[in-house]
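As recorded in Swiss-Prot, the features of this protein are as follows:
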- ASP272: active site (ACT_SITE)
- HIS57, HIS59, LYS135, ASP272: Zn(2+) 1 binding site (BINDING)
- HIS59, LEU60, ARG61, ASN91, HIS276, ALA286, GLY287: substrate binding site (BINDING)
- LYS135, HIS164, HIS204: Zn(2+) 2 binding site (BINDING)
- LYS135: N6-carboxylysine (MOD_RES)
Amino acid sequence: MELVLVGKFLYNGRIIDGSIGVKDGKITKFSLRELKGDNKIKVEKGKIILPGLIDVHVHLRDFNETHKETIETGTKAAVHGGITTVFDMPNTKPPVMDEKTLKMREFLFKKKSYADYALGFLLAGNEPVKADFYKIFMGASTGGIYSKNFEEDYAKALDITSVHAEDYELISKYPERPPIVEISAIKKALNAARKVKKPLHICHVSTREGLKEILEANIPWVSFEVTPHHLFLTRKDYEKSKLLKVYPPLRDESDRRYLWEKLDNVPIIASDHAPHTLEDKERGAAGLPGLETEVALLLDAVNRGMLELWDVVEKMSLNPARIFRIKNKGWGEGKDADFAIVDMKKEWTIKAEEFYTKAGWTPYEGWKVRGKVIMTILRGEIVMEDDEVIGKPRGERIVKEGDD
C-alpha cells in the first residue's frame, strides 16, 4: 500500500475501528486491522474518516465574473469544506450552451481546479452536446436565461437533467416568488418526467407542498435535493437581512420543519453555492455562498441529534455517485481515494474572513458550531489540512458509467 489511513471510519452505517488501504489513488481495502503501508495517516480519537463529499450544485462563476468567484477560489473553498467533487453549473457569463464554451470551461478546470469536477451544459432552446449533466431553468434566475419549453429541452438531454423549478409565468405575476411558483413548476416537471422518462433531478426543493408532490409521485427516475440554507434559515432571517435573498426564497418555519421531518426521504443535500460580492448583494443579487459551511452545519446537526453521520455520507457521497452515475466516486474498493476527515468535537465560530470563497461574507457569520473538517484527501493526496489548502490544482473530470 502507498497510503494507509488508520482510525475510525464509517462503513455501511457503522463506525468501524480499522484501516483503509490506498494505491494509485484508489481505495484498495477496508480492514478491521492495521494494514501495512509506506505512508500512514493516523486519525486520533474523536476524529472520523468519511468519504470525500460530492456537491451536485455549485456556481463557480469565473469567465466574465471573476470578481465574484473563480474556479480556483471556488474549488479551494470546496476542499476546505470537505467537498472533493463539484458539479459546475452552466449559467455562467457567457453561458455554457455550445461546444466551444464547454471546451473553454474544461480547459480552465484542467488548469485551476483543486477538486474533481462534473461539467454542466445549459439547455434553453439550443441543441445539446455531450456533457456530464444538463441544467434547465424553468424560470429566470442568475444569468436570466430560462427555457420557454421545459419538456422539449428536457427530452433533448443526453444524460441526467438538473432543473431549477420555478414557473416563469408565475414569477412575472408574483416577483417575490411565493411557494406556488415552486409548486407549479414541480408539478409541470413531474408531468414531463412521466412522459419523457429520462433521469431528472429537481434542485433546491424548499416547500412542504413541493416536496409532497415529489414524494407522492414516486417516479423512479426523478431525484431531488435540499440545501442547507433551506434547512437552517427561514423567511424571518431574510426579513432581518436582505443579503439572504436567494432563489427559491427562504421559506416559513413550517416548510423548514417539514424538510427536516422528511429528511430520510431526501436523497441529496447540495449547497447551491452561489457567490456574489457584498456590493452585488446590496444591489439585490440572489444567491448564497455555502461550500465552506454546509458540512460544518450538518456535523453540528449530527451532534445535536437531528440526523446521523451516515445520513451525511449517503446524501453527499453514495447517492450523488449513484444518481449521477459517477463511476469513480463513492465509498468502496476500487473507488477514488477521496476522504474528508472530521473532528466531531471541535467547537468553532463561523467567520467569512477565514474562507477561500471570494464572496467575502456568509449567512452564518458568528454561528458557533461543533464539528469540523480538518483534512481533505483527493485521490490519495492531502489537499487541505487544518484550514490550509495544500499543493497545486490537480482536479480531474469525473468518469461517468459507460464512458470507458
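Glycine too: its Cβ is placed from the backbone N, Cα and C atoms.
Given the structure is predicted, the values throughout are model-derived calculations rather than measurements.
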Least surrounded among the binding-site residues, given as HIS59, ARG61, LYS135, HIS204, HIS276, when other CB atoms within 10 Å are counted: HIS204
Remaining residues near the recorded Zn(2+) 2 site, that is with C-beta within 8 Å of the centroid of the site residues LYS135, HIS164, HIS204: HIS57, MET89, ILE136, PHE137, SER141, SER162, VAL163, ALA165, CYS203, ASP272
Euclidean distance between Cα atoms of LYS135 (Zn(2+) 1 binding site) and ASP272 (active site), Å: 13
Recorded substrate binding residues, HIS59, LEU60, ARG61, ASN91, HIS276, ALA286, GLY287 - maximal Cα separation rounded to whole Å: 15
Chain-internal residues, separated by at least six, CB under 8 A from HIS57 (Zn(2+) 1 binding site): PHE87, MET89, SER162, CYS203, HIS204, GLU225, THR227, ALA270, SER271, ASP272, HIS273
Minimum Cα separation from GLY287 (substrate binding site), reported as the residue among binding-site residues HIS59, LYS135, HIS164 that achieves it: HIS59
Mapped DSSP class for HIS57 (Zn(2+) 1 binding site), helix or strand or coil: strand
All-chain count of other Cβ atoms within 10 Å of LEU60 (substrate binding site): 33
